[in-house]
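> Structure below; questions to follow.
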Amino acid sequence: MTNVVVVGAQWGDEGKGKIVDWLSEQADIVVRFQGGHNAGHTLVIDGNTYKLALLPSGVVRSSKLSVIGNGVVFDPQAFVNEVEKLKEQGVKVGPDNLRVAENVTLILPLHRELDSLRENASAATAIGTTQRGIGPAYEDKVGRRAIRLMDLADPQTLPHKIERLLAHHNALRRGHGIAEVDSGALLRDLAAIAPRVLPYADSVWNLLDHKRREGKRILFEGAQGALLDVDHGTYPYVTSSNTVAAQAATGTGMGPSALGYVLGICKAYTTRVGQGPFPTELNDEIGELIGQRGKEFGVNTGRKRRCGWFDAMLVRQTVRTSGIHGLALTKLDILDGFDTIQVCTGYRLDGKEIDHLPAGEGAQARIEPVYETVEGWKEPTANARSWADLPAQAIKYVRRIEELVGCPVALLSTSPEREDTILVQNPFEA
């Protein structure tokens, strides 16, 4: 028995929600360890669709304990709204099955406003954020001026913390020519929301340590993807947190030895939202077709995703930077019916072949993909639940991906339905 870390092995939107839900049946605890409510995921269970952003995927199963770790940035109003929406759908959610790290950093309205100001200031400098305040909240965390969940329980120190925060933000707002934030109004808003979120507050590192010692199975749920990691991604077109597997330790307060098996999720093709390099992007009818078949639109934002062929170079790199033991390959069925499929097996930069994605923004923009043509398949893979259900060429495609990325496929997903999953290696039993 081991714990399992789930991370995206591309630029996010790989289908982590379904895989986490599938694994959560075997877990006792599901933990979010980074990001915020910028990374939406959709679960389809018994014909019911649940759209989550901030909450762990395990929350739709009331018998599981869901946890939001200290590595997350936490919008209290978004949290309340998401909890209420689930309750309306008949899901039992409360402090008995959902906990939030008491030292989690809060996202406030001023963070969202600053995010939007920056994104809309100039198209040339836009990163393509969701404008939900994620980056500015992480900035305040690192700048040691953030307001954390535990601060809402201390009316003696909260006013001082607000003044310190606003000394920074009101200076920025004056520079942008917008109204300053009134400290009294912010204090009243926080006092109003506090009773709705404080019952969920807990010492998460301590809670998880006790659960681990009791032999409970813990599933760590990453948001976004490893290629959006602030250090190892396509900087500056990245998110503001670490998204690689190692963040599961720092984002929950557990030691690295507690993490266990690392499962990387990737699509059978590649997608990306927002700005930034994309070596295998298809700006043609094939890219449009993949996007239509795969319903490639953001859960939270509705933004259209850019689509391209599978990039083995990128996934191989994330296998290494996250220490991935096995892959969950999703949306294989979207490639049904293609005569041929292209797979990126290498890069060319300024006329020379290279074996990794360079760190520099300029070099990333000049990358040229080297393709290998793979024979497609006509028979459907949709709803397949065993290798015997798959066409021979589809199996060959999966095996070729394993060879190119240097990592075995542990799970194969052939539709949004959780039952349409082919298990090769159970991560909890690895």
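If you go along the chain as it appears here, the first residue is 1 and each next one adds 1.
Glycine too: its Cβ is placed from the backbone N, Cα and C atoms.
Computed from a predicted structure; not experimentally measured.
Pulled from Swiss-Prot, these are the listed features:
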ACT_SITE  Asp13  active site, proton acceptor
ACT_SITE  His41  active site, proton donor
BINDING   12-18, 40-42, Arg305, 331-333, 413-415  GTP binding site
BINDING   Asp13, Gly40  Mg(2+) binding site
BINDING   Asp13, Glu14, Gly15, Lys16, Asn38, Ala39, Gly40, His41, Thr130, Arg144, Gln224, Thr239, Arg303  IMP binding site
BINDING   Val299, Asn300, Thr301, Gly302, Arg303, Lys304, Arg305  substrate binding site
> Relative to the Cα of Thr414 (GTP binding site), which of the recorded positions His41, Gly302, Lys304, Arg305 has the closest Cα?
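Looking at Cα distances from Thr414 (GTP binding site), the smallest one goes to His41.
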> Among the recorded positions listed here (Gly12, Asp13, Lys18, His41, Gly302), which has the Cα closest to the Cα of Thr130 (IMP binding site)?
Gly302
> Express in Å, rounded to the nearest integer, the largest CA to CA distance found among the IMP-binding residues Asp13, Glu14, Gly15, Lys16, Asn38, Ala39, Gly40, His41, Thr130, Arg144, Gln224, Thr239, Arg303 named in the record.
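Site span for IMP, by Cα atoms: 34 Å.
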> Taking the Cβ of Leu332 (GTP binding site) as centre, how many other Cβ atoms lie within 10 Å?
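Looking across every protein chain shown, the total is 25.
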> Three-state secondary structure of Leu332 (GTP binding site) from DSSP?
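In the DSSP reduction, Leu332 (GTP binding site) maps to helix.
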> Considering only the recorded positions Asp13, Asn38, Leu332, which residue has the minimal Cα-Cα separation from Arg305 (substrate binding site)?
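Considering only the listed recorded positions, the nearest one is Asp13.
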> Which of the listed binding-site residues (Asn38, Thr42, Gln224) has the least company, meaning the fewest other Cβ atoms within 10 Å of its Cβ?
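Candidates: the binding-site residues Asn38, Thr42, Gln224. Fewest Cβ atoms within 10 Å: Thr42.
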> Counting only other Cβ atoms and using a 10 Å cut-off, which of the binding-site residues Gly15, Gly40, Gly302 scores lowest?
Gly302
